[in-house]
Structure formats: structure tokens, C-alpha cells
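Colleague: Reproduced below are the annotations present in Swiss-Prot:
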{"type": "BINDING", "residues": "GLU250, ARG257, ARG272, GLU302, PHE342, ARG417, LYS423", "note": "ATP binding site"}
{"type": "ACT_SITE", "residues": "LYS252", "note": "active site, N6-AMP-lysine intermediate"}
Amino acid sequence: MQFSVLAGSLEKMESTAKRLELTGILEELLRETPHEVIAQIVYLIQGKLRPEFEGIELGVAEKLAVRAVSKSSGMPAARIEAAYRRDGDLGRAASSILEQKTQTTFLAEEITVERVYDTLMRIARLEGARSQDMKMRHISSLLNDASPRDACYILKLILGTLRLGIAENTVMDALAAAFTGSKSNRPELERAYNVSSDLGRVAEAVSSGGLEAVRGFAVAVFSPIRPMLADRVRSESEALEKMGAGLAAEYKLDGERVQVHLSGGRVELFSRSLENITAYYPDIVERIPGRLRAREAVLEAEAVAVNEETGEFLPFQELMHRRRKYDIDKAVMRYPITVNFFDILYLDGRDCLGISYSERRALLEGVVDEDSFARCVPVSTIPDESALEDSLENSINAGCEGLMLKLPDAPYRAGSRGGYWLKLKREYRNELGDSLDLVIIGAFFGKGRRTGRYGTLLLATYDDSRDTFPSICKVGTGFTDEDLDQLYQLLSPRVTLKRNPRIDSGMEADVWFDPEVVMEVVASEITLSPVHKTALDSVRKGAGLALRFPKFTGKLRTEKTAEDASTDQEVIALYKSQKKVVPDGQPGV
């Protein structure tokens, strides 16, 4: 497939902020994509080379890309850097420079999607002393044969600066429309994606075999399953109103959610966001096979840091010391853990997703041979509100965050929320001491001591029905100087020249970001807002909801994706459950 076809579609997609138009352009591209290339196309438009859990990254710095453009164009690197500073986009700058190129390559090799993709994969695999020079030569070889427009999008793919605003849901809409005749079939594709976590594989299947091929997807060891998520409740009475008596209450631990895959003594571990984190937990890899009565299994657990002397649980942040490339053995010794299992998704050839929580829990307890390192999360059956209050108090006294509440008869719904699981934490019982996990979508430049940094951040919830990020507040308090420096470093690579199509905001930020970074925020209350877009029209026509006096807690939710952020439905529920409903005119912006 000619790369120019992909580049043309990318150019069209970059020029629109309308989701329906984006989906239509993508659908047209997928229809004309040969089956053998469609997985590559799906990965590339998402800015990836392979699914997230394989951890393949290009590792190309801007300076290296500038050297490659210089080599291909014959122009000094300083001139290219000046054009880059002017345009703010190396792809655009390179396109302009290559249009002025006087030399002609008579024996140019054809630029196809396959060639570009294979070259990028070779670049990603390069390591060692000469790897940077080899990467530069590979990039230059593509640019030598590329048209200016092709070169622009090759560089955007290499540097990860392709800003299309296309999420998995948009890709699945386009795939369903292109190969099954209707977007209404997206749930079938979504189920396949939820058990495989590989949208490229789903695209290959539906493009060649339609819905029948997609229905053949099944749970497989070492292919992570997208985790089931919980809604929140603020009180014991609300939980019982939603679930009824007889619900199961598990302790909610403050650790890292880990999906454990076991086969024949081999263990791999995946995070909540599907990152392969096996290297950070060699103690789990070594010890868990001896604690599980299974040949093959996929289980979910919470890895929690502990004080070995007292046995007490330590905060989640302690686990971050394990996130290092070197001296991991020292970190394991210094920051010991326990592995606390709470669900089983697959066991010795049996897919457990469709069976009830009660059945899964019984299987789990039969599989885990408990000791001080590996155990099952404590659970109890709740007959009434008094018992739920006692269970919450017991969990907090045990050093936990609160409770996870689960319907006994409910299946495991991979990749979704839906009321089958609820979380009840101690702070949710306050007037609005509740914390919310919000996505950073924009920023306003600081003044005074904050000059040269982002002084205030624009935050959003996640609207899962529209797959958008509607704004909910600006936050400028709770930050230390160290926080501001860290956020500037974290957010600067995510700056976009125009607002991401998935962002819904009535404000104009000084800087827009791709919605990727999640932070924890507290506030005094939730108010109606004429400015912010969260839950727009849900409470009052023309009004959204906003946080009043929001404050950063100091906690970045690095384990969460943007789609894991607090939803507009959660905010509506919190607003309605306030003891007094705050009137209009208190926007809390």
C-alpha cells in the first residue's frame, strides 16, 4: 500500500476537529487498506507500532531526527532547527525544507506503508553503542525517497507528534462501519478487544472474516485482559440501595493492580494500563508459581508495599521505587510486598469471565495456597447497613483505603464499568472531601514565582458515552515548586498546536495537551457552571458542573489512563448527593 494514501488521510484527519468527520475519513481509509496491512495502519494511526503490552518504543529524540533531515536535505542542522522553532512541528518544517531540495534521487525506492512500518520496527529494536547512528541512517533512507508530505507524516510517526484525537472507540466505530456494515456492531469488536487488548488483531479479524471471526476471540494466557472498573458510592446506604443485601465486600488496598499470567511456571505481569511490569516484580515471578494450584491461570491481585517488621501496609508511592531499570534487586529487598489476589479470569483452559463473582471467588480460594507473601483479599457477605459500616471500619483499621463492593451474581465485564463493582472509601463519606481523578487538558502560564512554568491547569472528566473529555475546573492550588517543575517536564512533550478533538471546553487555554495525564484533586463542593462542560444539560439546560475551590492532592495517578478518570456520571451522582445543592452563579472555575 502506498504510504501517500495513508499520509493523505492523516492530513485530512488533522484538519478536522469533528469526531463524525474523523470517523468517516478513517472508515474510508480502512476500506481501501489491504488486509495484510490493516493491523499496521491501526497501530500507526494510534501512534504505536505494536499493542501497548509489548512495550515497543522507537526512542528517537528530536535532535536525531533533525540530523536525519539535515542528511537528506543537504541543509545545515541549524537551519532545520530554526524552521522547527518557527513552525513548532518538525514534520511541517521538514516538509517545507524538502520542497526546496534541488537534488533528485533517480533510483528512489518506493515508499509503502510496509516499508515505513518495517523500518520503524528495525529502529525500535536497535540497541548498543552504534544504535543512534543506525537509527539516523534508517530515518534518512526513508526521507531520501519520500515526497515532502510523506516526509512530514513519517517524522510525526517517528517522534510521536501525530495529534489526531482518535481513541480506540473511534477506531472500532470505523472498523464496524467499514467491515460489518454498521457502527451498531461495535460492541462485538469491543468484546474482542477487551479480551485481547490488541486492536490490530481485531482489525485483521474483522477485515477478513467479519463478525464471525471477531466472535472467535477468547482469553489467552500472556495476552492481557482489559480490567473491569468500579463506580464510586459515597455512603453505605447508597451502596445498599444500588446492590441490595447480600453483596460481597472486599478490602480495598492501596497498591498496584497487577494482572498475573501463569503457564508452566512462566509468569508475566501487567498493570492496570496494560504495561508489562514483570521486570519490576522479580519476587512475584519467583515465588507465585509455588503458591498457585494451577498449570495455567490469569488472576488479578493488588501488590502492596509492607513493613516487614510490623506487617502493616505502606502507601502506594513506595512501590514507585521499583520502577527502575537498574538495581531492581536492591529495590525488591528495600521495598518488600505482599500479593493480594481478588479475582480469577482464566483457569486451566476455562474462561471464567462469564461466571458469577461468587463462583470465581470460590475458584480463587481453591487456587491460592496462602502464606505471608500470597493471600486472598479478605471478603465478607453484607446483610445490612450496620454490617457494611462495621466492614468499612475494619478495613480502615487494617490500613486499607475502604471497600470494594461486588454483586455476587455478576460476571466479569472486561474493559468496562457498569454498577457490578462499587468502591466505598473513607473520604467519600465527607461532605465533599471526595477526591476525583481528573485529566489535564490545558494550562495557563504562571506569573511571579511561577513564571516560566504552568501556573494553572485546566482539568476534565471522562464522558464515556461520547468518548470525550469535558472540562470541570481550573486548579492552581496544592502545588509545591517541585510539583510545578515535574508537571512542566511531564506535560511539555504532550503540547498540541490545536485542541484535541476529544476535548470539550468553553475556555481557551494558553496551551493544550493531549489528554493523557491524570491527577487527583479534592474540592469543597460541586456547582452549576455556565462555563464548564462536564454533565452539560444533565442538571440544568445550558449548565455544566464544576468543582468549587479545587486543590491538587499531590498525587499523580500514573497507573491510570485518561479513560480511567472520574466520569461525568460520577460527578452528577456526587452533585445530587450533596446535602445542599449549590445554586447557579457559583461556577467554581
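Please read every residue number as a count from 1 along the shown chain.
Yeah, the Cβs are placed from backbone N, Cα and C, and that goes for glycine too.
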Colleague: Measuring Cα to Cα, tell me the gap between PHE342 (ATP binding site) and LYS252 (active site, N6-AMP-lysine intermediate) in whole angstrom.
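Modeller: Rounded to the nearest whole number, the Cα-Cα distance is 10 Å.
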Colleague: Return the count of C-beta atoms lying within 10 angstroms of the C-beta of LYS423 (ATP binding site), excluding that atom itself.
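Modeller: Within a 10 Å radius of the Cβ of LYS423 (ATP binding site) lie 17 other Cβ atoms.
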Colleague: The residue listed as 'active site, N6-AMP-lysine intermediate' has how many other Cβ neighbours within 10 Å of its own Cβ?
Modeller: 23
Colleague: List, in sequence order, the same-chain residues at least six positions removed whose CB sits under 8 Å from that of GLU302 (ATP binding site)?
Modeller: LEU253, GLY255, GLU256, ARG257, VAL258, VAL339, ASN340, PHE342, VAL377
Colleague: Which whole-number value in Å describes the distance between the Cα atoms of the residue listed as 'active site, N6-AMP-lysine intermediate' and LYS423 (ATP binding site)?
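Modeller: If we compare the Cα positions of the residue listed as 'active site, N6-AMP-lysine intermediate' and LYS423 (ATP binding site), the gap is 8 Å.
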Colleague: Give me the long-range Cβ neighbours of ARG417 (ATP binding site): same chain, 6+ apart, Cβ under 8 Å, in sequence order.
Modeller: MET228, LEU229, ALA230, ASP231, ASP464, THR567
Colleague: For GLU250 (ATP binding site), what is the secondary structure by DSSP, using just helix, strand and coil?
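Modeller: DSSP call for GLU250 (ATP binding site): strand.
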Colleague: Just report the maximum Cα pair distance in Å for the recorded ATP binders GLU250, ARG257, ARG272, GLU302, PHE342, ARG417, LYS423, no decimals.
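Modeller: Per the listed residues, the maximum Cα distance equals 19 Å.
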